[in-house]
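Single-structure report; data block below.
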Ligand SMILES: Nc1ncnc2c1ncn2[C@@H]1O[C@H](COP(=O)(O)OP(=O)(O)OP(=O)(O)O)[C@@H](O)[C@H]1O
Ligand SMILES: [Mg+2]
């Protein structure tokens, strides 16, 4: 039986008659990395704010480790770590003193744990400098550190990769995986679709405050999502015509120097290859490609939205 | 349990700011400066001739009084001249020099420093809530396993604690500096004031000083609560500082303008200056008494605190 550490039940938020989060329900399992994906203004941050009690809930409930945050906030928040939008820290104190602020008020944080977390986010070299001298990425690292201090079993990170360099993102991803393997539930929101695909076990796609669907990342290889790319030399249009005549049931497109056929069946692929070769067309490469989460996401949320517009992380 | 660490945190935040140390140092430097200046410039000989000096003052006041009566001047002004004359005559008759300075007299003279403390305490109180909103740090604090009222209470108590430290530092500094400069004696020294029926009366300076520092702390508490409330309501420290300073400094002007209205005694402004009530002299509104004013302040404080906590508990944090 799977245990759910975080449960949203028909969660809604209205501000001045505008529905920002609309009847959102999902459950996050113990030990999984759960993504919240949606275009700008979809309501990801608003949802997270409700989960951690920063804003009131118009309707619905949030349960953390079985405790309703509306009824038993202190108990529910005890094992939660979070970053909501950018981590804001006390500029006039050192990174270390900032961490101490949170270490002091959270249960069970030892000196060893503090040192361990600092090492984990690679900030030893600057931990005693004032935070006002920190770069964006260093602040983000410190933000991650404060969220991890008390070993939460529900970790909520709103755009955690914002400002991190590739090494930092890589390290974070690995660390989150390690945490998840040890039973922590991690909720991440991000604009970076490829990022989500690499990081998450499941992704909830949210648009206009509504849940569109939840995708399992691991078994996403559905028939319609797999395409085979044939790289050919010679007359591309001729090749496409031949294949189309011989296989009227398949969807066949051409792009650049490639013919793209929508199929997942190995036999069909071999057959197509044979047909091309017999027609005297040189096949120099065959590639099977799965539609990325990004493509599916764009497909689903497309409303004149441009790829770059959605895919580029925003530094607020 | 862990709840006290919230208070420790706030305390550390206050004292991590450079300005806090400046706020603490400045009044002390001023006190030392005043004592040194006084020592250097005061002519002892002149003080020994104080009776001559007072006689001179009496004659001047009498002339001014005649003039004022002729011109039908303000009653307030005429009364003031009359009491000055009475006081000085009493001093000469009973051999009580108003120029003799002791540690206690020095503390009494330093009382206006409390406005400066008030100002600094307002700055800290205004900042402690609103700056966390403007910097966005509030959200990092509110997502901890503590009800909001506990977090606000820790901020409130930390500010009160800071006010207390400022207040104590100034008392100790003025007593020490006064004692070192003028000697620590003078417990029995008196000053002259008036009874209700305008008779000159002697009162121990020590008594005044103790009463006054007690009242100052009440005033400081009210200022803290006021600044705290405004800063929570508007999430802006400049509005909070502005309103609190306005109440503190412009209060008298407003009271003067409204003095004819019956309800003025129930306003916050009219009751903010408690030390004038000790001797009941130079009071803008005659009806006020200490117990009345303190009761009014208590009611205002309770209401402001309740409003602050209710609003803070419900507020959506979008920082
Ligand atoms: N206080 C508010 N009043 C009115 N509308 C608001 C308020 N706060 C947020 N919104 C609206 O709610 C919607 C969701 O905002 P939210 O910040 O949750 O989006 P998001 O999914 O986190 O977006 P992003 O990817 O840009 O971070 C936006 O359309 C925003 O305009
Ligand atoms: Mg957001």
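From the backbone N, Cα and C atoms, a Cβ is placed for every residue, glycine too.
TrEMBL tags one of the stretches B:271-291, B:292-312 as transmembrane segment, and that stretch is B:292-312.
In this chain, the transmembrane segment (B:151-184) lies close to the transmembrane segment (B:21-37): three or more C-beta pairs between them fall below 8 angstroms, excluding pairs fewer than 6 positions apart.
Here the transmembrane segment (B:21-37) has long-range neighbours at 15, 106, 109-110, 113, 116-117, 120, 123-124, 165-166, 169-170, 173-174, 177-178, 180-181, meaning same-chain residues at least 6 beyond its ends whose C-beta is under 8 angstroms from one of its own.
With a threshold of 8 Å between CB atoms, the same-chain residues lying at least 6 positions outside the transmembrane segment (B:239-259) that come near it are 115, 118-119, 122-123, 125-126, 130, 223, 226-228, 230-231, 267-270, 272-273, 284-285.
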